[in-house]
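Going by TrEMBL, these are the annotated features:
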- A:9-259: domain 'CoA carboxyltransferase N-terminal' (DOMAIN)
- A:C13, A:C16, A:C31, A:C34: Zn(2+) binding site (BINDING)
Amino acid sequence: MSHLPANGIWQQCPKCRRNVHRLEWGNLQICPHCGHYLRLSATRRIQQLSEKFQPLPELTAAPPFAFPGYQKKLAQAQQQTGASEAFTAGTATLSDQAFVLGVMDSHFMMGTLNTIVGARLRQAITAAQQQQLPLVLVIASGGARMQEGILSLLQMNTVLAAYDALNAAGNFTLNILTDPTMGGVTASFAFAADAVIAEAGATIGFAGRRVIEETSREPLPPDFQKAASLFEHGQLDAVVARPDLAATLTQLLRLHQRK
Amino acid sequence: MLEEQLKKIRSAQRISAATVIAALTTDFFVLHGDRLQADDPAVTVGYGHFHQQTVLFVGVNRGANLQQRLDYHFGALSPAGYRKVSRGLTQAEKFGWPVVTLINMPGAAADVAAELNGQSQALATTISQMGHLTVPNVALFLGEGESGGALALANCNRIIMLANSLYSVASPEAVQAILKDKQQALANYLPMTADQLKQLGLVDQIIAEDEQLLPHIEQVLQQQLTELGHLSAKQLQQQRTEKYLAILDRFTDQ
């Protein structure tokens, strides 16, 4: 079962506009014509970056406030993705290396940070600390989820505090920034890792392009907030093509293997 | 309701950080620049005497007239601004001074320069540093405070709000935009007023906005700093973490 919004056999490439068959998209979801990456579901990402994956106990919560239309939006997102929220974490192995893997899913309300996503992030961070394992987060988020107001904002400092504690404990931390990594997530834990790498083509920034255009009324360069541009400006350790991510992850896990 | 409140806190007559600092401190010394790139006029960082002790003040400048507002970038801090704050925090910690932040701002600067100069990093560093401070920190909302830009200055042991001030994930206008029915009263659905946030446990004290505003502010700050002065470095750090987690845990199924 596909976890992407379009469930047909053919899906148009958002970049080159050609119709591509499901088999041609393949597991990596790369356009065979122009090389464009579709955004991956958490399930696919986990498949690509681990051999074994044991999910952590699933934390849940009811919407904290009766924001109009929110309940319906959540139900839609759950139905479309088959996931209960925008973040899934578990203990994983890749090439015999054990680690905690957490994945945000942009198909679920743009991977926005809310009460549950924050709680699960802290749970994953704590699990890595308790089990003395490296932490690997695959980040995809539009930032704080508006519908949960101030509680979404408070995820930033609390997740970052947990992340800081994990770094202080000596665990290796790796963040893989994928499309999109924005707002409150970028301004808190996205860059808190020992190694920060981006998937090629990802948009990464604090304020969204539209907001910047509106407030500053200045033309934006085409590569603005793109992974390659961030790399040139010294903000990232590496930009990695999707088919190479697992190899890069293996390399880093091996280098950080505890004796 | 919210519109009136916004008009009030965004007006030129609203009490400014500069007014509070001038009224409450003596021998105030201002830090300039982030030692890397620029001196952001949107924030004043400095230290002065307040009730027989030296206190670091971080005051956001919103500006009282158009020229000032343009000069101060409407109170939206740039990365250089946050790095200046960070420099102040490091000194406060070194010398054991408590920290008071004065907030009335639309959030952090969102422009090309801010992105290229590492706004995300500057915010994350400030949030983290405020959370780990070994000295007491108190946030006082004089007006509005939004997004990570305000959070970075409000990751404190105590949060105090003037009665009409607001603290929100984004500007009320931005949150309103995602509501289908534009007539719906936003504050009915999301807590963002001083009263609502006090009920939530996030805000510790509300200051009435009467003729005695400055004396009230002085008295409340003095009292809070005295109370926090009894806590050890470790207790201060723990109190911050536990305060926020206690609020969030109430909304998660256990």
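Here, residue 1 is simply the first one shown, and the rest follow in order.
Every residue, even glycine, has its Cβ placed from backbone N, Cα and C.
Sequence-ordered, the extra residues of this chain that approach the Zn(2+) site, with Cβ no more than 8 Å from the Cβ center of A:C13, A:C16, A:C31, A:C34, are A:P14, A:K15, A:R17, A:R18, A:V20, A:P32, A:H33, A:G35, A:H36.
Mean predicted confidence for the domain 'CoA carboxyltransferase N-terminal' (A:9-259): the pLDDT average there is 96. Each of the binding-site residues A:C13, A:C16 was scored by the other Cβ atoms within 10 Å of its Cβ; the lowest score goes to A:C16. Residue environment of A:C31 (Zn(2+) binding site) contains 19 other Cβ atoms, counted within 10 Å of its Cβ in all protein chains. On its own chain, A:C34 (Zn(2+) binding site) has A:C13, A:K15, A:C16, A:R18 as residues at least 6 apart in sequence with a Cβ closer than 8 Å to its own Cβ. The secondary structure of A:C31 (Zn(2+) binding site), as reduced to three states from DSSP, is coil rather than helix or strand.
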